[in-house]
Amino acid sequence: MNVISSTADAKRPGAARIGIGGPVGSGKTALIEALIPVFKARGIEIAVVTNDLVTKEDARRLQAGGLIDPDRVLAVEAGACPHTVIREDPTLNIAAADDLEAAFPDLDLVVIESGGDNLASTFSLDLVDWWMFVIDVAQGDDIPRKRGPGILQSDLLVINKLDLAPHVFVDADAILAEARQIRGTAQVIGCRCKGATVEGIETIADTIAREVLFHEIPA
Amino acid sequence: MTDLRSQLRMLQCCDSAFPSGAFAFSSGLETLVNEGRVKSATDLHQLLDGQVIPRWLDFDRPFLRQAFASAQDPDALYQIDTRCHLQNTVERLARASRRIGRSLLTVHARIATPGAKAYQDHLRANAPPEATGYEPIVQGMLGAGLGLDLSQAEVGALNTVVTGVTSAAVRLGKLGALDAQAVLAAAANAMVAGLSCPAPEYPGAFAPLVEIAAQRRTAEQISLFAN
Ligand SMILES: Nc1nc2c(ncn2[C@@H]2O[C@H](COP(=O)(O)OP(=O)(O)OP(=O)(O)O)[C@@H](O)[C@H]2O)c(=O)[nH]1
Ligand SMILES: [Mg+2]
């Protein structure tokens, strides 16, 4: 006789798992690259799983970047289905996260980067405890308005490349305000991951530390 | 008369929506497509009939049957698993088989399929992950645990392989989703014919086209699939 076991694996020991989804080129890998030194400074031990759509490019970029021990980065091929590997069938990503935890028992956080997908992608809660969706201003100021599960259901919506707003005729404050209005109480953070200065990265790290690692950081 | 419950469990567990990671593997097809050796529905049908189905019948099937018969005995399963490892000469296909087998174990342990947790614990305690957890061993053990008869377990496992390669072909753009169903309908002949023959006593594989293709992919090759 089969029994129904609890699907939420709340008591799973080990590192917290977070997902980063969002359309192609919105800056998911750049955000991870910007977050790594911030986590390092705070003593938070991380590892990364990438789900490149076509190559192992993102994994290689992180491994070669010198920011993180290359052994802490694993690539999982998505079989041309970036959403399947994070939602309908996350088993390969679960196995990769398990392998990283086994190899690095002191991990606090496993970050799983989805292959670039469309606005409908969401993460299975079998795979991650919390996930964020990254879009950027240059994809059009109507993106939040188009809603879609990624925009609406993510625990955090990140709007990246604020520096580009003036070049693509977007009002950064307006797009952030509209996103906040659409998401109600769910968080929205604007950021810039590249260039002479970065912006919003500490705030994103604070949110992850507070909501995922349960560190006491004032909101 | 077939028991309705086992029939339902077979449909559930052999559904392409059942999480096993199988969608990320093409079993060499991606290389054959990239090299222009598989270009159409006809080519795919020939590949299934000439390589994929015979390889499963000759190699995976006897292992599945042995595991089905020893489903209650984790140590016996482990011995069969180890033989499967030793006989697997194509590392890329072997790796896929292990990753799928281990995913199946994880999911079935979670949904409390009889035997799954016991075998998973046995492997964790005793076995190196890169040498055990092969798909046919896990499928045979699970088939018994789910209350399937041997023939259902075999049909389900072979169907999973054939639909997996066919769906990879659709994602590689070599045939449409409707053509794919025509190929599957036609491939049923070879599947039925093969399953109607007695299984070989000793496993052995000879499907050089897919085996060499699976090994031939290079690190630089742009790839959607893990093999
Ligand atoms: N101007 C500007 N460019 C950025 C910013 N963040 C990322 N980029 C650039 O945007 C491009 C895409 O960044 P990635 O980090 O590769 O994006 P991604 O979302 O990981 O892409 P995929 O994984 O391919 O979906 C790169 O050329 C980055 O340099 C930013 O804040 N401002
Ligand atoms: Mg990326």
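Residue positions begin at 1 at the first shown residue.
Each residue, glycine too, has its Cβ placed from N, Cα and C.
Those TrEMBL annotations? Automatic predictions, nothing curated.
The GTP binding site feature in TrEMBL is assigned to A:Gly22, A:Pro23, A:Val24, A:Gly25, A:Ser26, A:Gly27, A:Lys28, A:Thr29. Residues annotated as domain 'CobW/HypB/UreG nucleotide-binding' in TrEMBL: A:18-189.
Locations of recorded TrEMBL features on the structure.
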residue : record           : Cβ within 10 Å
A:Gly22 : GTP binding site : 28
A:Pro23 : GTP binding site : 20
A:Val24 : GTP binding site : 12
A:Gly25 : GTP binding site : 13
A:Ser26 : GTP binding site : 25
A:Gly27 : GTP binding site : 24
A:Lys28 : GTP binding site : 27
A:Thr29 : GTP binding site : 23
Kindly point out which of the binding-site residues A:Gly22, A:Val24, A:Gly25, A:Ser26, A:Lys28, A:Thr29 have a C-beta less than 6 Å from some atom of ligand 2.
A:Lys28, A:Thr29
Can you list which of these binding-site residues (A:Pro23, A:Val24, A:Ser26, A:Thr29) have a Cβ closer than 6 Å to ligand 1?
A:Val24, A:Ser26, A:Thr29
Taking 8 Å from the centroid of the Cβ atoms of A:Gly22, A:Pro23, A:Val24, A:Gly25, A:Ser26, A:Gly27, A:Lys28, A:Thr29 as the cut-off, which other residues in that chain fall inside it around the GTP site?
A:Gly116, A:Val134, A:Ile135, A:Asp136, A:Asn160
For A:Thr29 (GTP binding site): DSSP state (helix, strand, coil)
helix
Using DSSP, would you call A:Val24 (GTP binding site) helix, strand or coil?
coil
